[in-house]
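Visitor: When I checked Swiss-Prot for this same protein, it listed these features:
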- Cys600, Cys609: [4Fe-4S] cluster binding site (BINDING)
- His692: divinylchlorophyll a' binding site (BINDING)
- Met700, Tyr708: divinyl chlorophyll a binding site (BINDING)
- Trp709: phylloquinone binding site (BINDING)
- 8-22: compositional bias 'Basic and acidic residues' (COMPBIAS)
- 1-22: region 'Disordered' (REGION)
- 76-99: transmembrane segment (TRANSMEM)
- 162-185: transmembrane segment (TRANSMEM)
- 201-225: transmembrane segment (TRANSMEM)
- 309-327: transmembrane segment (TRANSMEM)
- 368-391: transmembrane segment (TRANSMEM)
- 407-433: transmembrane segment (TRANSMEM)
- 455-477: transmembrane segment (TRANSMEM)
- 558-576: transmembrane segment (TRANSMEM)
- 616-637: transmembrane segment (TRANSMEM)
- 681-703: transmembrane segment (TRANSMEM)
- 741-761: transmembrane segment (TRANSMEM)
Amino acid sequence: MTISPPESGEKNKKVLEDPVKADPRPIDFAKLDKPGFWSTKLSKGPKTTTWIWNLHADAHDFDVHTGDAEEATRKIFSAHFGHLAVIFIWMSAAFFHGARFSNYSGWLADPTHVKPGAQQVWAIVGQEMLNADLGANYNGIQISSGIFHMWRAWGITNESELMALAIGAVVMAALMLHAGIFHYHKAAPKMEWFQDIESMLNHHIAGLVGLGSLAWAGHCIHIGAPTAALLDAIDAGSPLVINGKEIATIADMPMPHQLCDPQIIGQIFPGLASGTGNFFSLNWLAFSDFLTFKGGLNPVTGSLWMTDVSHHHLAFGVIAIIGGHMYRTNYGIGHSMKEILDSQQGDPILFPAPKGHQGLFEFMAESRHAQLAVNLAMLGSISILVSHHMYAMPPYPYIATDYMTVLGLFTHHMWIGGLFIVGAGAHAGIAMVRDYDPAKHIDNVLDRILKARDALISHLNWVCMWLGFHSFGLYIHNDTMRALGRPQDMFSDSAIQLQPIFAQWVQSIQASAVGTSLLAGTAEALPHKALSEVFNGSLVEVGGKVAIAPIPLGTADLMIHHIHAFQIHVTVLILLKGVLYARSSRLIPDKASLGFRFPCDGPGRGGTCQVSSWDHVFLALFWMYNCLSIVIFHFSWKMQSDVWGLTGGNFAQSSITINGWLRDFLWAQASQVLTSYGQSISMYGLMFLGAHFIWAFSLMFLFSGRGYWQELFESIVWAHNKLKVAPTIQPRALSITQGRAVGVTHFLVGGIATTWAFFHARLFGLG
């Protein structure tokens, strides 16, 4: 890809003196109206049906539009604003449904008995069956997004506030759309502005993250926490009194702007009304009533304390603002990313790379795919961490006792994390093919890793086989012993124990640290509630339901965790092989010249199919799907069995055999979705069937070759010609790569929607 050279006279200018180019691409509607306008070939219009597939494949592949890195970067930057606009429209729709069609007020008044609903189905051909009685005189579809719980945490107390948010989000969407057009067509940043890494880090860390977190802390402190205190007191049956008036219902509560009145807020949090004098005199203890470190869960709501959440965002915002200023920008002080990387040398014994990290700064700064790969890997990992925190540290009021929401958010964040991590492998592969120049990376760490790729992949392959045979072998052994009537010879907590001693040790050191200074790192003892209850803590019950409880680990957990390890390692093996062998291999030394995606190395070279970096991503998606299916099945059964008390604690003895998973999890828990007809959850029965069909439909694309279909099309076209209705656009069978793309998409969508229906019908069906 070419890099646009600086314009004449600009080389000596500082980036921030003239960061944009005015009117680089005037809007040309005649051009934009033409599908495929970026390509001379596609813009001529379709001659065969392959045209529509190429249009989809290349529409967002900005690299191939012009080959100019600056132009591609501007398109990415502009597209970010478009993405934000879509997000704001989506948020607006959620707020609007909450304002007009939901039972938010009814749920807010009685969150332990009323179920959240935000949509009512019209009676056209009997769909009113789907409207369940959710309580508080409301019939509608039960939702499990956690959005009501989040709104309560924000401090939203009525539908008028939701409507204001809906309007505000639409306005923000319009602003974002305008910004996207403006920063591409009217004032587009120059390449030097995008490459000013230290300034970018400064603004992103201190500005977006730091000030964003600080602003949110302000909302939590002034609106969220006081509202939560009033609502919690109502729910606990001991309402607060403000100005001599008992706040017994939501209707009695002060308006949000009134909470900023020191006279009113001082009756909820005296420290909040004490003014800024305490801040500047460093008497910060005066603020300890609304900036707390209580730990544990609020016993009324089963969620983190809002005052703890406020404290967290304040502290994080301050840290990010300080951290964002450690890079060298205008004043010649601070860190230079290039200097840091260039000075990092490889270990001379373990990892001898004479040139260390030299060249990495330029590669990361110039390759958008390399940046995206790193960001996707990190964001995917963060998403998986979020999924675990949703049950271990429930952030929103009453969310912990809404079991379908807990399971739904866990599943959602696991899928998102998995897709992002596979995306990281995809864009790392593209970076290697399109952006990596071997001549610039001689004897640095990237070069050394590529030279050691055979050792890395063969060892990783050995690890995968070891984990796969041993972990699956434990299950096969147990199934065999149970079939032969020899329970004493099974791996279980009551026979041959395989206790997860390291995981149990981690749990115990967390619990034993309470009352000591072991983990806190200070002389002050760790308070009793500073740790999640899942670490050998105590049970918290809200409204007669378990919100959180200790999660015991045993032989069954060790066995399934080794299945997780096996599947994660295989997914990584496929992705890593796709990256390390993206440019060349012993089989195809000139792979880089074939590009990121190609079906085979041309006719006449057998055995060279499915070797492109794209094909590795294709295969990794299946392993990612299987891996996460087992993860979410494990979580669902474990929580129902050992925490929520829904299956009588059968996980430890039933999940140690393959038959147990099939009989006591899949079959037993599918009873709700299979018998859902005639009930409000009947749409999940239909979805279960339909999603199975979509999944099965994928096999048609994955198992058959294009020749079969082209042969069929030829005879169908012949029949059309006979009838004088032949199409002007010539039918073409999908290419090998297109068929795989359509196949894996239907496989994933069908599988995910099947699981969606299975989980929802199960927990909604149990009530």
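Residue numbers in this text run from 1 along the chain shown.
Quick reminder: no glycine exception, Cβ is built from N, Cα and C everywhere.
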Visitor: Near Cys609 ([4Fe-4S] cluster binding site), how many other Cβ atoms are within 10 Å of its Cβ?
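Guide: Cys609 ([4Fe-4S] cluster binding site): 13 neighbouring Cβ atoms within 10 Å.
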Visitor: Roughly how many Å separate the Cα of Cys609 ([4Fe-4S] cluster binding site) from that of Trp709 (phylloquinone binding site), to the nearest whole number?
Guide: 19
Visitor: What parts of the chain pack near the transmembrane segment (162-185), using Cβ distances under 8 Å and only residues at least 6 beyond its ends?
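Guide: Residues 23-27, 74-75, 77-82, 84-86, 88-89, 91-93, 95-96, 98-100, 104, 151, 156 contact the transmembrane segment (162-185) from elsewhere in the chain.
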Visitor: Could you state the CA-to-CA distance between Met700 (divinyl chlorophyll a binding site) and Trp709 (phylloquinone binding site) to the nearest Å?
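Guide: Between the Cα atoms of Met700 (divinyl chlorophyll a binding site) and Trp709 (phylloquinone binding site), the distance comes to 11 Å.
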Visitor: Check each residue in the chain of Tyr708 (divinyl chlorophyll a binding site) that is at least six apart in sequence and keep those whose C-beta is under 8 Å from its C-beta; list them in sequence order.
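Guide: Result: Ala733.
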Visitor: Rank the binding-site residues Cys600, Met700 by the number of other Cβ atoms within 10 Å of each Cβ and report the first-ranked residue.
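Guide: Per the Cβ count within 10 Å, the most buried is Cys600.
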Visitor: Counting only residues 6 or more past its boundaries, what in the same chain has a CB within less than 8 Å of a CB in the transmembrane segment (558-576)?
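Guide: Distant Cβ neighbours of the transmembrane segment (558-576) are 421-422, 424-425, 428, 456-457, 460-461, 463-464, 467-468, 470-472, 474-475, 491, 498-500, 503, 616-617, 619-620, 623-624, 626-627, 630-631, 634, 655-656.
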Visitor: Same chain only, please: residues at least 6 beyond the ends of the transmembrane segment (76-99) with a C-beta under 8 Å from a C-beta of the stretch. Say none if there are none.
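Guide: That would be 60, 62, 118-119, 145, 147-148, 151, 159-160, 162-163, 165-167, 169-170, 172-174, 176-177, 179-181, 183-184, 188-189, 194, 368.
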Visitor: What does the structure give for the C-alpha distance between His692 (divinylchlorophyll a' binding site) and Cys600 ([4Fe-4S] cluster binding site)? Integer Å is fine.
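Guide: Each residue's Cα considered, His692 (divinylchlorophyll a' binding site) and Cys600 ([4Fe-4S] cluster binding site) end up 31 Å apart.
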Visitor: What is the interatomic distance between the Cα atoms of Trp709 (phylloquinone binding site) and Cys600 ([4Fe-4S] cluster binding site), given in whole Å?
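Guide: Cα-Cα distance, Trp709 (phylloquinone binding site) to Cys600 ([4Fe-4S] cluster binding site): 19 Å.
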Visitor: Return one of helix, strand or coil for Cys609 ([4Fe-4S] cluster binding site), based on DSSP.
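Guide: Going by the DSSP assignment, Cys609 ([4Fe-4S] cluster binding site) belongs to neither helix nor strand, so it counts as coil.
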